[in-house]
Structures are given as C-alpha cells and as structure tokens.
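Written below as structure tokens is the structure these notes are about.
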Amino acid sequence: MSSLTHFDAQGQAHMVDVGAKPATHRIAVAEGRIIMQPATLAIIQSGTAKKGDVLGIARIAGIMAAKKTSDLIPLCHPLALTRVAVEFDLLSDVSSVRCVATVETVGPTGVEMEALTAVQVALLTVYDMCKAVDKGMVMEGIRVLEKLGGKTNPSR
C-alpha cells in the first residue's frame, strides 16, 4: 500500500507539489444515485416540481461544483477543466435517479475529485428541489468509475 500523499514526513498536511509533472490529458468518471419515493420520481419525470426543472438545475449545479472543487476541498489543486458533463438516468425499477459526471483536463494531476464533487452536488440539488415532497431520499453509491491519464492510468 502506498503512503498518503497529503502529509509530509512530520505528519503535517500539505498540498502535493505537481509542478514537475507533465501535463497530460486526464479524464475521470464518477457516479452516484439518489433513492426516492416513486411519486417523487414521477414528479421529476413529468417536470412538475414546484421549484422548476429538477434535472436541468441539478446538471448546472454539478458543473458549477466541478469548477469550484478546489474551493471546497482544502488540498485539491485548482485546475483548468476542459470538459464537464453531468448526465442523469431515471431508474423507475429502483425509484432512483443515477448521476454520472465526466470531467476532463490537460494538466499535471487528475480530475477524480472534480467528478465526485459534481455528482455529490448534483444529487444534493435533486434532494433540495424535492425535499418538500420526500424527506426520506437517500444518496448512495458515490464512486469513481474510471480514471484515465497520467503515469498510472495511461490515456485511452
């Protein structure tokens, strides 16, 4: 097992120096889902939520969150993102909304934190917009599906 990179020899937190690393094309894909009552999913599907277009607003929130990740995660590097895509699947059989975020950059460090942040904030936005009708929603399964680029994960 490798050591934690965000701590120095004295155990103090620090931002990893990526200055000498080459800029490469990097991609990360993350997913998660929010489980809800079937009636809540029906409201999202029909577009009749009182606060507006739930998935449209959640998509924008996810994109904004990816761009602000370094403001939220203390030791995360600010990155110039070249692409952020946030997509949703409505899963009637399990009464949930699945979110998938794909983030890309050309830089010295990966974008998995940005992809994870996009998914989390998009799902939080779904929760916020639907909590008036369903306070029992649960987010789960947030994880990185794919990471490409850099020396440990060559680009496709």
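Glycine is treated like the rest: Cβ placed from N, Cα and C.
Given the structure is predicted, the values throughout are model-derived calculations rather than measurements.
Taken straight from Swiss-Prot:
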BINDING   Leu75, Cys76, His77, Met113, Glu114  substrate binding site
ACT_SITE  Asp128  active site
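Across the structure, Leu75 (substrate binding site) and the residue listed as 'active site' are spaced 27 Å apart at their Cα atoms.
Asp128 (active site) sits 21 Å from Glu114 (substrate binding site), taking the CA atoms of both as reference points. Across the residues the record lists as binding substrate (Leu75, Cys76, His77, Met113, Glu114), the two Cα atoms farthest apart are 13 Å from each other. Shown in sequence order, Ala28, Ala66, Lys67, Thr69, Leu79, Leu81, Val84, Val103 are the residues of the chain, 6+ apart in sequence, with a C-beta less than 8 angstroms from the C-beta of Glu114 (substrate binding site). Counted over every protein chain shown, other Cβ atoms within 10 Å are most numerous around Met113 among the binding-site residues Leu75, Cys76, Met113. Neighbour counts were taken at the CB atom with a 10 A radius for the recorded positions His77, Asp128; the maximum falls on His77.
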